[in-house]
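In what follows, a single structure is set out as structure tokens and then discussed.
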Number of protein chains: 2
Amino acid sequence: MAQRTQRTRKSRTDALSRERIVEAAVELLDADGEGGLTFRALTERLATGPGAIYWHVRNKDEMLGAATDAVVAAALDIEPAEPPASPQDEIRAVALGLFDAIDWHPWLATQLATQLSRSPWSSVTPRIIESIGQQVRALGVPKGSWFTASSALMHYILGAAGQNSANGRVLGAGVDRSEFLDSVSTAWEKLDPDDYPFTRAVADQLREHDDREQFLAGIALILTGITTAYPPA
Amino acid sequence: MAQRTQRTRKSRTDALSRERIVEAAVELLDADGEGGLTFRALTERLATGPGAIYWHVRNKDEMLGAATDAVVAAALDIEPAEPPASPQDEIRAVALGLFDAIDWHPWLATQLATQLSRSPWSSVTPRIIESIGQQVRALGVPKGSWFTASSALMHYILGAAGQNSANGRVLGAGVDRSEFLDSVSTAWEKLDPDDYPFTRAVADQLREHDDREQFLAGIALILTGITTAYPPA
DNA sequence: ACCTGAACACCGTTCAAGT
DNA sequence: ACCTGAACACCGTTCAAGT
């Protein structure tokens, strides 16, 4: 009697699944960066062997792809504002959603680049294009330019967010943000005046800039470009 | 007599150097992608052992950084137009220089993302900021917005070029470009109409788009934004 | 100062075997 | 159908030893 809890098979809730694997992968990536995701660490955390994981997932690349897709999907799952905001505001919300996701999951920046360069237009791209595109349409951009306008926004967002994820990563090691920017800025000021006059001149703008504000200023520039090039009827 | 060519030491021109190592690294990356650059392959090509390489280079990361920097520097080494072109044209030239570099060296896209996210504002960033910034200044942008405007351009360029390097990579395997785009486009058209109305609607714009043209259209949009937000005096 | 090459710890992936 | 875990080939890096 009693002690029936002992089971040869894993209990139902412990059962391995693609979903649980991807979840664990994201946790490892968040905790220890790209280097932290190994099959060794993963099998330990999931209390299985590598063979079990390979039953649910083709290989590590696919696993990374699924992790990226999951995080991006969550980031873009924004409830529409009530009352409805302007297209500009909605675009800002989408952009900030991705910006923050990369800020929270610094490995996402590199992964998106790898991801997009392996299977360019699949999985993650439609999600982003859709979120941005619906607002581009609402902005009154003529249909023939939908693809151009939304691609431009997407590229800027991915480029900028990728660069900015850096700060978060560097700061991880107990480095003060303003201290860090100050050191880079000082380095810029020491560049060769003949080769780098402009960089030297903006060194103090780098020192004082705010990531988020700067990111939104870029979005604003592109939105201005879009509404100027395609004036609403 | 004769046969003095035999030497214990490497001949002077064969001598290992950081420069030769980086050069070989770039060749391996170009030939076989990121996976192609291993210390095994490198030692074979340079006819040495791993220890020799470690004498000139701290580790693989530093080597990748140096390779990236070298390729970017070469890409930005554009001779100024004669007679001088408009700032817009110069910006287009810089942008296309990077675009083409990533097209030629597809590994550059991922590497730039990794690179920038490890040491955000160092090495490669000043080169890009400088090339773009000088033209931003010539455009009449007020000094206080130099950093904002050039950052926005840089982020777009890196984001867009990264995405586009994909095509080149996929096509490597004997895949026809239009055939490939057609398949992706068809996949987009099959997405859920409720979740992806916009993506479905632009599927045929994806099918027919020209990478370079699209890239320049994005640049044009940002330039319009810049000149509208900061009208020349 | 510069190079050699064996050795080390670790990685992704496979596969015969179990249930 | 799903999981186990030993084994394999390969990787970046180190280091005592040579010249």
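The first residue you see is number 1, and the count goes up from there.
Every residue, even glycine, has its Cβ placed from backbone N, Cα and C.
From a predicted model like this one, the values you see are computed outputs, not experimental measurements.
What TrEMBL records for B:15-75 is domain 'HTH tetR-type'.
Outside the DNA-binding region (B:38-57) by six or more residues, the chain places 16-18, 20-21, 24-25, 27-28, 32, 63, 66 with a CB less than 8 A from a CB of the stretch. According to TrEMBL, the feature DNA-binding region maps to B:38-57.
Secondary structure by DSSP for the DNA-binding region (B:38-57): 15 helix, 0 strand, 5 coil. Taken together, the residues in the DNA-binding region (B:38-57) have a mean pLDDT of 97 on the 0 to 100 scale.
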